[in-house]
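Visitor: Residues or ranges marked as active site in Swiss-Prot: His62, Asp105, Ser106. Residues annotated as signal peptide in Swiss-Prot, with sequence analysis given as evidence: 1-29. Annotated site 'Role in lipopolysaccharide recognition' per Swiss-Prot: Lys71, in sequence order. What Swiss-Prot records for Tyr176 is site 'Role in the phospholipid gating', and it gives sequence analysis as the kind of evidence.
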Amino acid sequence: MYVAMIIRKYFLIIALLLMPWLAIPSVSAADKGGFNTFTDNVAETWRQPEHYDLYVPAITWHARFAYDKEKTDRYNERPWGVGFGQSRWDDKGNWHGLYMMAFKDSFNKWEPIGGYGWEKTWRPLEDDNFRLGLGFTAGVTARDNWNYIPIPVLLPLASIGYGPATFQMTYIPGSYNNGNVYFAWMRFQF
């Protein structure tokens, strides 16, 4: 119930942040700049999804070289939670997704996150079901230890997938005893 309350509370904020991009009309390819390409991709993923996705958080790992042992001994590194999204593959074979997820953070408190993800996708084998991806996610999160104030995030993404299942991950950079966290989840496409 608490998770549902957090998601409901912050869904409106995330939706309001994404709304201007979703309302932007498409422009010709010759007129596009980097930001217009980004907003067009977000809007197309919102309007024309090919798949609906289930996100299942798998692991958080605090880089041991960047933390005192006393802290890592107390931190939660099993971020159970769930998320949902919608995604599509573009004509170049790259992945685009919109998602919302809630999981238990390092302090075992609920952390919602939502945003847009993009990955350049490679299929190095004859079997096109196998793929590797590198890209980014841009979104908004909120944490208990920051009083659930919405915080924008721009993070790297990497993945390895086969068929409808993808192991996707990011790294949250930081300073000593802060950040420097590897976070990964499974994404299942339907």
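Every residue gets a Cβ built from N, Cα and C, even glycine.
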Visitor: Which state, by DSSP, holds Tyr176 (site 'Role in the phospholipid gating'): helix, strand or coil?
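Guide: The three-state answer is coil.
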Visitor: I need the nearest neighbour of Asp105 (active site) among the recorded positions His62, Lys71, Tyr176, using C-alpha distances.
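Guide: Nearest by Cα distance to Asp105 (active site): His62.
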Visitor: Could you round the CA separation between His62 (active site) and Tyr176 (site 'Role in the phospholipid gating') to a whole angstrom and send it over?
Guide: 11
Visitor: Enumerate same-chain residues with a sequence separation of six or more from Lys71 (site 'Role in lipopolysaccharide recognition') and a Cβ-Cβ distance below 8 A; give 'none' if the list is empty.
Guide: His62, Asn177
Visitor: Taking the Cβ of His62 (active site) as the centre, how many other Cβ atoms fall within a 10 Å radius?
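Guide: There are 21 of them.
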Visitor: If you draw a 10 Å sphere on the Cβ of Tyr176 (site 'Role in the phospholipid gating'), how many other Cβ atoms land inside?
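Guide: So the Cβ neighbour count for Tyr176 (site 'Role in the phospholipid gating') comes to 10.
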Visitor: For Lys71 (site 'Role in lipopolysaccharide recognition'), what is the secondary structure by DSSP, using just helix, strand and coil?
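Guide: Going by the DSSP assignment, Lys71 (site 'Role in lipopolysaccharide recognition') falls within a helical segment, counted as helix.
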Visitor: Ten-angstrom check, please: count other Cβ atoms within 10 Å of the Cβ of Ser106 (active site), all chains counted.
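Guide: Total other Cβ atoms inside 10 Å, all chains included: 19.
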Visitor: Taking the Cβ of Asp105 (active site) as the centre, count every other Cβ atom within 10 Å, in any protein chain shown.
Guide: 21
Visitor: What is the interatomic distance between the Cα atoms of Ser106 (active site) and Tyr176 (site 'Role in the phospholipid gating'), given in whole Å?
Guide: 15
